[in-house]
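First the structure, in the form of structure tokens, and then the observations on it.
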Ligand code: UD1
């Protein structure tokens, strides 16, 4: 296995271009299944394990893919199978994104139930509810979701989500664009990744109104075409790099961003005492290293994202005063707390509410986490911890950050990747 070995105390300084977004790549890739018309060309796709898993799923379905220099080409004309097997689905919960497009194009989909998750229950009831509303008959047996469109084609409907869900909104959208008639999605997720999916589907010929809002109106069409498309930047990677500069008292310029996608996060950096400047596609953060305790509450967009909660907590271990961190999206997403405390932080937790008592000097040791963003928070802590921090099980980080160690090295961090064995 790989680990990251970090020697703390170096300032993060320099310029970098943001990577493409993982969380928009996944539904966009899934949406290519909606058309068998030709070859899709997708630019700015990050080179991540989740993308590799998706390509394996596509191979299994009978699609052809090629990936080079962050450009992915996909031909879905020869897709024969509608089965997404457990061996691949278990590696990535986002495989559930295959359900909507397969069902919409072929009238049938058989997708393995995704397994558990490191930070609490992550149900798929809303995905299934949306498909049923659109006229699918769903049965669950032997660990598979078997969905069949009544009469062979989905039918437009009103879908009112009781909870804002990125994944269920994406799936409902992808199913609705080929359904017969009009679909209204209420309480839709308005995250930039869903907006990007809308833009992609519109480029394919879909009729979607209300893009970027919580009410989407879709007039279904008979067929969609292949397109060339450029993905949006990864706002969570960008936020993590800003946090690296903020925690080390450094300064960083990130190019290729859309500042409005990270307004709530930029505001919090500013509240914490960092200087933030933006242009149309650039964000600059300057930190003196003197940080003020700043509370955050993770909620759906445009509020502070749950995917930045762990990184913010690492930052607050170095801030003057007490900060309160609440996660309303995932109530149990706090794996990082015991590990940050092992590095010397003082964080208390009660339910989905954590209190960080800062600043505390951190000192390096071996740490490990069981999910992606929690691991990112440990890397941030390692950047300021005295001595050497070893972040084990880097495969979690590799699911969401492309070459994180190279990117941080280029910005001045002392960080390297090494092999190790967990059995001594
Ligand atoms: C996506 C992101 C993930 C991010 C999350 C919230 C991807 C691949 N992943 O995950 O990084 O942390 O959005 O911004 O884009 N829920 C239900 N029933 C469902 C579906 C969700 O109750 O059927 C609940 C979840 O338990 C959670 C809330 O809805 O409390 C939001 O989850 P959701 O937006 O669906 O997260 P994902 O799409 O899985």
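Each residue, glycine too, has its Cβ placed from N, Cα and C.
For the domain 'Enolpyruvate transferase' (7-408), the model gives a mean pLDDT of 96. The feature domain 'Enolpyruvate transferase' is assigned by TrEMBL to 7-408.
According to TrEMBL, the phosphoenolpyruvate binding site annotation covers 22, 23. The C-beta environment of residue 22 (phosphoenolpyruvate binding site), restricted to residues of the same chain at least 6 apart in sequence and closer than 8 Å, consists of 46, 48, 50, 51, 234, 236, 399, 400.
Marked as UDP-N-acetyl-alpha-D-glucosamine binding site by TrEMBL: 93, 122, 123, 124, 125, 126, 307, 329. Cβ environment of residue 329 (UDP-N-acetyl-alpha-D-glucosamine binding site): 298, 299, 300, 306 lie under 8 Å away, each six or more residues apart in the same chain. Following the DSSP three-state reduction, the secondary structure of residue 329 (UDP-N-acetyl-alpha-D-glucosamine binding site) is coil.
Per TrEMBL, the feature active site, proton donor maps to 117.
Per TrEMBL, the feature 2-(S-cysteinyl)pyruvic acid O-phosphothioketal maps to 117.
Of all Cβ atoms in the protein chains displayed, 11 besides its own lie within 10 Å of the Cβ of residue 125 (UDP-N-acetyl-alpha-D-glucosamine binding site). Cα separation, residue 307 (UDP-N-acetyl-alpha-D-glucosamine binding site) to residue 23 (phosphoenolpyruvate binding site), rounded: 11 Å. Across the annotated binding residues for UDP-N-acetyl-alpha-D-glucosamine (93, 122, 123, 124, 125, 126, 307, 329), the two most widely spaced Cα atoms sit 22 Å apart. Recorded residues residue 125 (UDP-N-acetyl-alpha-D-glucosamine binding site) and residue 23 (phosphoenolpyruvate binding site) have their alpha carbons 20 Å apart, per Cα-Cα distance.
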